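Copying in the features that TrEMBL gives for the protein in this structure:
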type    : residues                                                  : note
BINDING : G57, S58, G59, K60, G61, T62, R170, G213                  : ATP binding site
BINDING : R83, K104, I105, V106, G131, F132, P133, R134, R174, R185 : ribonucleoside 5'-phosphate binding site
BINDING : N138                                                      : CMP binding site
Amino acid sequence: MWRRVASLSSALESDLMQAATCGAGAWQRAFSSTQVEVEGFERKSHPFVAFVLGGPGSGKGTQCMKIVETFGFTHLSAGDLLRKEIASNSENGSMILDTIKEGKIVPSEVTVRLIQAAMEAGRNDRFLIDGFPRSEENRAAYERVIGAEPDMVLFFDCPENEMVKRVLSRNEGRVDDNMDTVKKRLRVFSELNLPVIEHYSIKGKLRKIDGTGSADEIFERVRSAVFAALREREER
Ligand SMILES: Nc1ncnc2c1ncn2[C@@H]1O[C@H](COP(=O)(O)OP(=O)(O)O)[C@@H](O)[C@H]1O
Ligand SMILES: Nc1ccn([C@@H]2O[C@H](COP(=O)(O)OP(=O)(O)O)[C@@H](O)[C@H]2O)c(=O)n1
Ligand SMILES: [Mg+2]
């Protein structure tokens, strides 16, 4: 149940001042000037950002849809943003397509720019950023451009054989859902994404979720993790 709350409190004003001094432009532009409450949580001035990580086929997109339904997040999939960029015939389209076919990582400035624009257009204060950051370079570029760290990082831990099975039966006509590219994506995941996951584990931001079982079973784990992170943020 959504409830609009009165105008900005002085605490909220000081949050906004802090955001301004941090140069967190995307934060301010993405957030409307009223506080909103959903599922008992008061919404704060800086967007709550959750990165959603896991290997190809680990269930990131599936679980994001469920989080959106339950908690009112805006879902931004880095892969979807890149695929839209290809479809729109942008100047970077053919470079992005070649990179995705090879299972490699698109240059960070391209992806971060798309995420930043989507956050600014999103007008929400809860964002799920799915499939990002996939490398230390992605992570550094986000922190530099957006000027903030995520509030939580969900990591779907799933055995490789299960991920391969899911990707090969996904049937969405993706150029990278074939055995040859999946092998490359798994290698890139181990070499470039696991260090990012380790980074957030050390920072205490990682919520590792067992990605096996049915989508509903997995969501019960996710629901508790998201609920706890929103509550922690509320208490800060
Ligand atoms: N728990 C699950 N069990 C079996 N199949 C699943 C499960 N979760 C997702 N899938 C299916 O596996 C494929 C990959 O899931 P997806 O959410 O797209 O993963 P990711 O975004 O991590 O690549 C999709 O076809 C999806 O319907
Ligand atoms: N941060 C990102 C996310 C995706 N990508 C590219 O987009 C591809 C598909 O990403 P995706 O997140 O849609 O794939 P899944 O893990 O959901 O299967 C990746 O294999 C990369 O080639 C990227 O370069 N940088
Ligand atoms: Mg996905």
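Here the Cβ of each residue, glycine as well, is placed from N, Cα and C on the backbone.
Predicted automatically and left uncurated, TrEMBL annotations should be read as such.
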Name the residues of the same chain, 6+ apart in sequence, whose Cβ is under 8 Å from the Cβ of T62 (ATP binding site)?
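Spatial neighbours, sequence-distant, of T62 (ATP binding site): A215.
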Check the Cα distances from G61 (ATP binding site) to each of the binding-site residues R83, I105, G131, P133, N138, R174 and keep only the ones within 10 Å.
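Checking each Cα against G61 (ATP binding site), the hits are G131.
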Tell me, how many other CB atoms lie within 10 A of the CB of R174 (ribonucleoside 5'-phosphate binding site), whichever protein chain they belong to?
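Neighbour count, Cβ to Cβ under the 10 Å cut-off: 15.
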Anything within 10 Å of G131 (ribonucleoside 5'-phosphate binding site)? Look among the binding-site residues G57, K60, R170, G213, comparing CA atoms, and list what you find.
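Final answer, ordered: K60.
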Running a distance check here. Ligand 3 versus the binding-site residues K60, G61, R83: which have CB less than 6 Å from one of its atoms?
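Cβ < 6 Å from ligand 3, in sequence order: K60, G61.
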Mind computing the max CA-CA distance among R83, K104, I105, V106, G131, F132, P133, R134, R174, R185, which the record assigns to ribonucleoside 5'-phosphate binding, rounded to whole Å?
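This binding site's residues have a maximal Cα-Cα distance of 21 Å.
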Write down the Cα-Cα distance for G213 (ATP binding site) and I105 (ribonucleoside 5'-phosphate binding site), rounded and given in Å.
29
For K60 (ATP binding site), what is the secondary structure state per DSSP, taken as helix, strand or coil?
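Reduced to three states, the DSSP call for K60 (ATP binding site) is helix.
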Compare the C-alpha of K60 (ATP binding site) with the C-alpha of each of the binding-site residues R83, P133, N138, R174, and give the closest one.
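Going through R83, P133, N138, R174 one by one, the closest to K60 (ATP binding site) is P133.
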